[in-house]
Structures are given as C-alpha cells and as structure tokens.
Amino acid sequence: MAVKDYYKVQGDSVTRIKQFCPRCGPGTFLADHKNRLTCGKCGYTEFKK
C-alpha cells in the first residue's frame, strides 16, 4: 500500500486515515481488517464492536 492511501488531502489540510499503533507509536499504522485492527510489527490487536 502506498503512503497516499494513509492520508487524505482536502484543500490545505492533511488528515490521517489509518490509526497509529499505541504500543509502537507514531509511524506504525494498524491494518484495518473486517472485524479488527492489527499491528503487523508487534501483533497488537483491537477488535471492532
């Protein structure tokens, strides 16, 4: 996935689409699966409701 898929540009502002991993910190994004968010680096998993 390219970096452009992690951010959304609207006019002069840039917003982050994906969440950062709370364990690894900024720069490591969580993968968005059907029922969970997962970090590929440390294995952190957060289930969706």
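Including glycine, each Cβ sits where the backbone N, Cα and C put it.
Record features, source Swiss-Prot:
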type	residues	note
ZN_FING	21-42	zinc finger
BINDING	Cys21, Cys24, Cys39, Cys42	Zn(2+) binding site
> Counting other Cβ atoms within 10 Å of each Cβ, which of the binding-site residues Cys21, Cys24, Cys39, Cys42 scores lowest?
Replying inline: Cys42
> In terms of Cβ proximity under 8 Å, which residues at least six beyond the ends of the zinc finger (21-42) contact it?
Replying inline: 6, 48
> Once Cys21, Cys24, Cys39, Cys42 are set aside, which residues in the chain still have Cβ within 8 Å of the Cβ centroid of the Zn(2+) site?
Replying inline: Pro22, Arg23, Gly25, Thr28, Leu30, Gly40, Lys41, Gly43, Tyr44
